[in-house]
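Engineer: Mind having a look at this structure? Questions to follow.
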C-alpha cells in the first residue's frame, strides 16, 4: 500500500494509518468518533441556527458563542470524516496538497477557537466588572472587528506553515501513523533540516494559544475577585453560573491540548497509539461538548432549543 521509497524523490502521496497498533480495533474505535461527530454537527448547527434566528440572543456573549460553534464545525469536519474513512474503508491515502490543506485548516481553526475563547473571557470581564459600559464597549461594530481580527490572526500565522511544509522534500517513508495531517508529524518525515518548522511552530504556539490562555487566566482572576465582592448572594450565584459554562468550555479546549503536549515532550515511554488518541480528543471533545455545556447551562438557549424541537 505504501509508495516505494526512492532517494531523491519527493512523495506526493501519503498513507494515514489511523491509530497505529490498534488497527484490529478500528471498527470499535470508530463508534465514539462517529457519535462525537454527529453530536458536534447537530449540536453546533442547532446553536448557530438558534442564535442567528432569535433576535433576543443577538448579544455579545451569544454572538461569540455562534463564532465558536462555526469554528467547531470546521474543526471537526476537517478531521473526523477522514478518520472514519480510514477506520471503515482503509482509505488512508491523501495527497501532499490535501495534507497541507488539512494542516492549514486544523491549525488555523484551533487558533481561531483560542482567540474566540479569549474574546468570551473579555466579554464576561466587562459584563461583571464594568456593567455600566457593557453595551458601549462591546457594540456590534466592536464584535465584528473582534471576529475579523480573530480570523485574520489565525490565517496570517498559519499561512507560512503551508509554505514551510510544501518546501520540504519527502523521500523517506510516506506512511504517517496518525488519523490526520499535523504540521510537525508530517515535517518529521522530511529528508531535510526542519529546524525552521520546529521553531516557527513553537513561536506560533507561544504567541497565540499560550498567550491567550494566560490572558484568560488573568481575566478570570479579576472576574472572580469582583464576583466575591458582590454584596448580594443571589448576584454572586448568578455571576458564577454565567461564568461556569464558559470555564467548562475553556477546560475542554485547553486541558486535552496540555496533556497532549506533555505526553509528546516527556512521555517517551507512552505508546504511540496513546499519543494519537490524545491528539484526537483535542479535535473531538470541544466540538461535541461545547453545545451540550451551553445548552444545559444557559437558560435562554435551553428554552429556545426546547421550543424549536417541540414546534
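Backbone N, Cα and C atoms are what each Cβ position is placed from, and that goes for glycine too.
Annotations in TrEMBL come from automatic prediction, not curation.
According to TrEMBL, the protein has these features:
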DOMAIN    43-294  domain 'G-protein coupled receptors family 1 profile'
TRANSMEM  28-50  transmembrane segment
TRANSMEM  62-91  transmembrane segment
TRANSMEM  103-122  transmembrane segment
TRANSMEM  134-159  transmembrane segment
TRANSMEM  204-227  transmembrane segment
TRANSMEM  239-262  transmembrane segment
TRANSMEM  274-294  transmembrane segment
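Can you tell me where each of these features sits in the structure?
Structural biologist: Within its own chain, the transmembrane segment (62-91) has Cβ neighbours under 8 Å at 16-18, 26-27, 29-30, 33-34, 36-37, 40-41, 44-45, 47-48, 51-52, 102, 105-106, 109-110, 112-113, 116-117, 119-120, 123, 140, 143, 147, 150, 179-180, 249, 280, 283-284, 286-288, 290-291, 294, 300-301, counting only residues six or more beyond its boundaries.
Here the transmembrane segment (103-122) has long-range neighbours at 61, 64-65, 67-68, 71-72, 74-75, 78-79, 146, 149-151, 153-155, 157-159, 161-162, 165, 180-183, 186, 204, 208-209, 212-213, 215-216, 219-220, 223, 246, 249-250, 253, 282-283, 286, meaning same-chain residues at least 6 beyond its ends whose C-beta is under 8 angstroms from one of its own.
For the transmembrane segment (134-159), the residues of the chain that approach it from at least six positions outside its boundaries are 58, 60, 63-64, 67, 104, 107-109, 111-112, 115-116, 119, 123, 126-127, 204, 207-208, judged by C-beta separation under 8 angstroms.
Counting only same-chain residues 6+ beyond the ends of the transmembrane segment (204-227), those with a CB under 8 A from a CB of the stretch are 107, 110-111, 114-115, 117-118, 121-122, 124-125, 128-129, 153-154, 157-158, 161, 236, 239-240, 243, 247, 250, 254, 257.
Same-chain neighbours of the transmembrane segment (239-262): 68, 113-114, 117, 120-121, 124, 127-128, 209, 213, 216, 220, 223-224, 227, 230, 275, 278-279, 281-282, 285-286, 289-290, 293-294, 296-298, counting only residues six or more beyond its ends whose CB sits under 8 Å from a CB of the stretch.
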Engineer: By a Cβ-Cβ criterion of under 8 Å, what residues six or more beyond either terminus of the transmembrane segment (274-294) are in contact with it?
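Structural biologist: Same-chain residues near the transmembrane segment (274-294) but 6 or more away: 19-20, 32-33, 36-37, 39-40, 43-44, 46-47, 65, 68-69, 72-73, 75-76, 79-80, 83, 106, 110, 113, 177-180, 182, 245, 248-249, 252-253, 256-257, 259-260, 263-264, 267, 301.
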